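Presented below is the structure to which this report refers.
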Amino acid sequence: MLLLDGNSNYAERLSDERVRALLSSPKLLRDYEAKLDAKRRNSLPIGHERPVLRARKQKHRSVSADTQLTTTSAHSSSFDRSHTLNRGSSTSPSSGYDSHSESGTSMHIDQKSSYYNTPRSRVFTNAINALSEGTKTGNKRAKYESANSLEESKAEGTRITKRQKFNQFKENGEYVVERIESIESFNGNPIFFVKWFGYPPETNTWESLDNVMECALFEPFIESLYTRFEIIISTMTTEIEAEIAEKSLVFDITTLKVNDLDKYDPFILKADLILLAQFRVCRSRSQREQEKIRKRVINMMLMKPVYYRRKQQLIGLRTFQERMNQVEQAAPITVENLVDLEMIDSAFKYVKESFAGKNVKMQDDPPIGCKCENECAPLSSCCARMADSYFAYDKAGRLRIRPGEAIYECNSRCVCNEECVNRVIQRGRSNKLCIFRTSNGCGWGVRTEKPVRKGEYVCEYVGEIITSEEANDRGQTYDAIGRTYLFDLDYNTSGESVYTIDAALYGNVSHFINHSCNPNLAVFPFWINNLDINMPRLAFFSLRPIKAGEELTFDYVRTDYENLSAAEKVSCRCGAENCRKVLF
């Protein structure tokens with residue numbers, strides 16, 4: 001039998017017994033093929049390309065890192081959006097086949113590669129050594145850049161700087177990606193063979209996923225390979241989905257922070273599926289690497305629907321945040337949920353000020369106002385003095401009265417202007433706040449984003465003003481769900497409260513302020529234009545200095561302002577040292 005190699009450049013006559021022996025023994029066949037390949041390469045003229053065409057056994061991939069295919073980035077990656085992906089024959093199957101560029105030259109890189117003769121060879125060598133050390137010590141995260149390499153590159157005059165996103169020009173030591181040649185697996189992690197613009201193929205480098213994810217060529221490259229292996233990937237995906245259904249696997253969101261979902265990228269999943277497809281095509285026996293990638297794929301497939309729920313959540317929270325800041329154009333309020341996938345109740349409407357409900361009338365034209373000659377002050381005949389009360393503020397606009405005492409601010413009848421020291425609440429909220437999801441089971445909360453001084457105005461409690469009869473009916477409903485937003489306007493202690501503020505469906509940022517048995521806010525009744533003694537407005541002021549990032553709280557149950565609904569006891573989760581254990 002006459003046996004020819006792939007290019008018909010070399011022939012050898014074999015007996016039938018020799019052929020059967022080769023076919024029955026993979027080892028003999030590999031040795032024979034290697035012998036033929038060596039003879040063919042030796043027969044080529046000097047200087048001609050000698051592509052490596054034969055497969056290496058997987059066991060050769062487990063040798064030390066200095067003979068592995070992976071190297072590091074000698075160039076800090078800078079990416080060019082204008083370049084298009086070359087979809088040539090540069091495949092690099094993860095089964096152990098050597099990678100080839102379009103020209104047919106081997107893209108397999110190790111310490112014996114010819115490009116180590118370049119001025120950057122020491123950089124590449126040190127980087128591989130760093131990677132090798134990371135592997136030997138059990139560090140699963142390959143270190144593709146080492147401090148020693150950077151220092152030596154500086155000594156040799158090589159300019160290496162941090163990667164800048166989508167830079168089109170090679171300036172100040174930045175390098176531009178011309179194309180991504182192939183994807184491979186190193187210890188179960190994807191790495192990418194990169195051709196640098198303006199540099200010969202000998203200087204190509206293997207780059208980590210983090211280094212290429214922001215490259216403009218990354219997504220087209222992944223899509224190209226994904227299309228090439230689409231049939232195989234479809235089969236594998238069906239198998240994995242069947243395994244997920246059979247084992248009833250679910251994604252445990254408690255195993256990670258919700259904001260980690262923001263790092264999910266469908267192209268990372270596609271990259272892993274491409275690696276598994278390459279393993280399958282080449283019938284690799286590297287089960288360890290495949291199993292590592294497969295577990296990652298299963299986790300990402302389970303994460304996928306949760307990720308899209310997270311995207312919808314972020315859109316909803318951002319929409320609510322924008323609408324809220326449009327309604328109340330004061331210091332900005334942000335919305336944040338890093339705990340779970342809960343949204344702001346869609347039935348809740350953000351309002352800037354309280355409004356009258358059914359059978360309620362609100363006055364807006366005060367009968368009197370102050371006529372202070374110079375400025376309103378504690379000793380002047382201001383509104384508070386006319387109401388037989390105390391002047392509420394000092395010169396800095398901070399409270400000088402005790403919790404529970406009333407505030408009478410200047411109104412539209414007063415001769416003073418908007419800068420009057422007795423118009424603190426009217427000037428609005430000045431502190432930046434954040435509505436955030438608590439991690440202690442208390443739902444939404446509010447924190448301050450800047451320090452708050454003692455006695456400083458924080459916000460007003462607003463909502464729908466309803467009659468006490470209506471409040472009794474609504475209170476039964478709120479008792480059933482264990483939460484109430486009813487606030488009795490009972491400052492006039494000579495009788496029962498006539499009106500109640502309900503902030504369940506209509507309110508502002510105060511709707512989200514939680515209870516604490518050791519609060520940092522207190523509620524003060526105040527009057528401006530509506531001087532009806534039975535219809536005070538409610539304002540929150542700080543009881544003590546509050547640090548930036550600290551949650552704002554007030555005591556839901558006080559002798560001055562008890563919640564109407566107290567039929568059922570609700571446990572308190574404030575965590576204060578003096579916690580009463582029962583909310584109401």
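Even glycines carry a Cβ here, placed using N, Cα and C.
What TrEMBL says about a protein is an automatic prediction, not a curated fact.
Taken straight from TrEMBL:
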type     : residues                       : note
REGION   : 42-114                         : region 'Disordered'
COMPBIAS : 53-62                          : compositional bias 'Basic residues'
COMPBIAS : 64-77                          : compositional bias 'Polar residues'
COMPBIAS : 89-98                          : compositional bias 'Low complexity'
COMPBIAS : 102-114                        : compositional bias 'Polar residues'
DOMAIN   : 175-215                        : domain 'Chromo'
DOMAIN   : 368-428                        : domain 'Pre-SET'
BINDING  : CYS370, CYS383, CYS410, CYS414 : Zn(2+) 2 binding site
BINDING  : CYS370, CYS372, CYS376, CYS382 : Zn(2+) 1 binding site
BINDING  : CYS376, CYS410, CYS416, CYS420 : Zn(2+) 3 binding site
BINDING  : CYS517, CYS572, CYS574, CYS579 : Zn(2+) 4 binding site
DOMAIN   : 568-584                        : domain 'Post-SET'
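Positions of TrEMBL features highlighted on the structure.
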residue	record	CB count, 10 Å
CYS372	Zn(2+) 1 binding site	19
CYS376	Zn(2+) 1 binding site	23
CYS383	Zn(2+) 2 binding site	28
CYS410	Zn(2+) 2 binding site	24
CYS416	Zn(2+) 3 binding site	21
CYS420	Zn(2+) 3 binding site	21
CYS517	Zn(2+) 4 binding site	19
CYS572	Zn(2+) 4 binding site	19
CYS574	Zn(2+) 4 binding site	22
CYS579	Zn(2+) 4 binding site	15
Among CYS370, CYS382, which are binding-site residues, the residue with the most C-beta atoms within 10 angstroms of its C-beta: CYS382
Residues of the domain 'Chromo' (175-215) by DSSP state, where helix covers H, G and I: 7 helix, 24 strand, 10 coil
Mean predicted confidence [pLDDT] for the domain 'Chromo' (175-215): 93
Residues close to Zn(2+) 2 site centre defined by CYS370, CYS383, CYS410, CYS414, Cβ within 8 Å: GLY369, CYS372, CYS376, CYS382, TYR408, GLU409, ASN411, ARG413, VAL415, CYS416, CYS420, ASN422
Spatial neighbours of CYS382 (Zn(2+) 1 binding site) among the binding-site residues CYS370, CYS410, CYS574 [C-alpha, 10 Å]: CYS370, CYS410
Other CB atoms, at most 10 A from the CB of CYS414 (Zn(2+) 2 binding site): 21
Zn(2+) 3 site, defined by CYS376, CYS410, CYS416, CYS420: further same-chain residues with Cβ within 8 Å of the Cβ centre: CYS370, CYS372, GLU375, CYS382, CYS383, GLU409, CYS414, VAL415, ASN417, VAL421, ASN422, ARG423
Spatial neighbours of CYS420 (Zn(2+) 3 binding site) among the binding-site residues CYS383, CYS410, CYS517, CYS574, CYS579 [C-alpha, 10 Å]: CYS410
Counts by DSSP class (helix H/G/I, strand E/B, coil) across the domain 'Pre-SET' (368-428): 7 helix, 4 strand, 50 coil
Cα-Cα distance linking CYS410 (Zn(2+) 2 binding site) and CYS572 (Zn(2+) 4 binding site), given in Å to the nearest integer: 39
CYS372 (Zn(2+) 1 binding site) and CYS414 (Zn(2+) 2 binding site), Cα-Cα, nearest whole angstrom: 8
